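Straight from TrEMBL, the features:
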type: BINDING; residues: 113-118, 165-168, 200-209, Asp235; note: FMN binding site
type: BINDING; residues: Arg325, Thr561, Ser622, Arg623, Lys628, Val629, Tyr630, Val631, Gln632, Asp665; note: NADP(+) binding site
type: BINDING; residues: Arg451, Arg481, Tyr482, Tyr483, Ser484, Cys499, Ala500, Val501, Tyr505, Gly515, Val516, Ala517, Thr518, Trp703; note: FAD binding site
type: DOMAIN; residues: 107-251; note: domain 'Flavodoxin-like'
type: DOMAIN; residues: 306-547; note: domain 'FAD-binding FR-type'
type: TRANSMEM; residues: 47-68; note: transmembrane segment
Amino acid sequence: MMWQNIKLGLQMRHHNPILKESLIAMGDSGMDPTVSLPESTAQEASFLSMTDIFLISLIIGLFSYWFFFRKKKEEIPEFTKIQQITSSSSGGDSSFVDKMKKTGRNIVVFYGSQTGTAEEFANRLSKDAHRYGMRGLAADPEEYDLSDLSRLSEIDNSLAVFCMATYGEGDPTDNAQDFYDWLQEADVDLSGVKYAVFGLGNKTYEHFNAMGKYVDKRLEQLGARRIFELGLGDDDGNLEEDFITWREQFWPAVCEHFGVEATGDESSIRQYELVVHTDMNMNKVYTGEMGRIKSYESQKPPFDAKNPFLAPVTKNRKLNQGGERHLMHLELDVSGSKVRYESGDHVAVYPANDSTLVNQIGEILGADLDTIMSLNNLDEESNKKHPFPCPTSYRTALTYYLDITNPPRTNVLYELAQYATDASEQDCLRKMASSAAEGKEFYLSWVVDSRRNILAILQDMPSLRPPIDHLCELLPRLQARYYSIASSSKVHPNSIHICAVTVEYKTKTGRVNKGVATTWLKNKVPNENGNKSLVPMYVRKSQFRLPFKPSTPVIMIGPGTGIAPFIGFIQERAWLKQQGKEVGDTVLYYGCRHEKEDYLYQEELTQFHKEGALTQLNVAFSRDQAQKVYVQHLLKQNKEGVWKLIHEGNAHIYVCGDARNMARDVQNTFYEIVAEYGNMSQPQAVDYVKKLMTKGRYSMDVWS
């Protein structure tokens, strides 16, 4: 093979006219243009022969190296393979089956989680297993080789459970992407494997629970045996109740299948033990970092979820002229970070909890928040050594690592109940954590609908005073918040822009609740007192992309802060036009409440329209007249032009904003337009729009 490659190289060298011309040109670069043809040919012949001598010498040298050293080369992969087999058989880190055998587990609960909820459910199911004489392992599919699934039947009474969240428009979560890819390509026999799936989704999205449904169906296709029906949790309703309802039927099905019985042991089992550090080197204490300790002091790329970049805030301005809400535009400086983004991507930011709430929790529990501690997993074989970065202080944990503002789930109430000294309060907590209909209803009204966070529960139950370390063990992790980037990297390569509205509302108990991230961002003042305001961030790639050809028309629909990605799109189309590119129609449908109050980016949009970068600017002011007008009404007014752009111009449609009402109403409007002007029935029109989605011509970036 080596000789064939060398021979081919010589053939290319002598017979490729392009290569030959380039060599002659290089040789002729210093020649007199009056040189006769024979002399030129002689020089070329002389040059070729010298090159050939060099090539032959090189060939002999390469052949000698290959001949004398090839045996060593061949030995290396053999050695590697032996090493891999040895490590696997002795319980390699990537083999969850080996780990289960080694630690005596027979249930593995995989989770595909973007915001931590699926991981939390997986931990709860894993913890449940002990009540049935079984042992569970909660596992991140990103950390294991899922092709090992075919070996699961080597363990007696084994079961694989999958808690799979669906992200965006029917996509897998980041940590389940490799598992999803493997499932699609796998040609493996999973007969003998028993499984169950609980999906986490939201009915306001087009592809409700797509990931859970796919995993459930695909495992069956590969021969695995479903032992309990697919659970479909709906976050638009009550995800916690959906999970509890599924779980209370799931375990009896497991008991029946494997012939086991519940032990009746409902006692609380601590997963972590507290270690207080009295003489700790502060250089070894986490102060808010997500991964590597001191990573905020010495920043090193690449930057991602476990290693966010501390971006200085260079601008923070209020966008609206009036009204009760606060809408803001922030600019983050990413100079020198090697952080790259494209129009349509999301920026994730790690916020911090309000220090007032943190102090109140410390005060009500009588805890010294500056105590340095670690919570160490009692299961030494677990990959998860701590619930959050440790060692750290309670103050840091409650500020940067734990979610203290969302209503706690029922498992937290169940674990906390033991610390209530008042019998009625203890009964209330246990009742809310029960699977009885009355208990579920009580939890829904007293906790969820009243938006009671952990502080409110502690305040309203004076006898409930749990140890702060157990509370920290039970609270879920504070998650990053995602925002559609409101800028184009072509125009702002070193800056990422955010458009957001602060969340603030009064609860049924009279308390004022504030959004964690938006309140925190609102207070990020650039260069306050000479100090930089920093935001830990990273970029998450999106499928929300402008067409490959700039000449393709685009129709953008984005009311409220849904305008964000379209500011980036319009900036980019304007830039392309300046570069002399042919740019197709750029049409925007934007909506807000009042023209004089919350017309976001009014000056910029007006200027883009004036310069021609924005072909059409259609704005709906919903509350400036008696009859409310929304973006879908403007689409109907322009329906003939809209159809022409879609059908004749092959326009791409983009929708950004509220999923629950706006996105659905807009989609229904497109069905109507397609049915009317395409002379189609309703089912045909729906099919037409669905095909646009499949082809990437109808994209959504929505939230609920």
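Glycine too: its Cβ is placed from the backbone N, Cα and C atoms.
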Surrounding CB atoms that lie within 10 Å of the CB of Val516 (FAD binding site), all protein chains: 21
Ala500 (FAD binding site): tally of other CB atoms within 10 A of its CB: 23
The domain 'Flavodoxin-like' (107-251), counted residue by residue under DSSP: helix, strand, coil: 65 helix, 35 strand, 45 coil
Per-region confidence, the domain 'FAD-binding FR-type' (306-547) (mean pLDDT, whole number): 95
Least Cβ-crowded entry, counting other Cβ within 10 Å, from the binding-site residues listed as Gly116, Gly168: Gly116
Gly168 (FMN binding site) and Ser484 (FAD binding site), distance between Cα atoms, whole Å: 12
Inter-residue Cα distance where the pair is Arg451 (FAD binding site) and Arg325 (NADP(+) binding site), in Å: 20
C-alpha spacing of Lys628 (NADP(+) binding site) relative to Val516 (FAD binding site), in angstrom: 31
Tyr482 (FAD binding site) and Phe208 (FMN binding site), distance between Cα atoms, whole Å: 20
By Cα-Cα distance, the member of binding-site residues Arg451, Tyr482, Ser622, Lys628 nearest Gly116 (FMN binding site): Tyr482
Largest separation between Cα atoms (Å) of residues that the record links to NADP(+), namely Arg325, Thr561, Ser622, Arg623, Lys628, Val629, Tyr630, Val631, Gln632, Asp665: 24
Neighbour tally for Thr518 (FAD binding site), based on other Cβ positions within 10 Å of its Cβ: 21
Binding-site residues compared (Asn202, Ser484, Ser622, Gln632) - highest count of Cβ atoms within 10 Å: Ser484
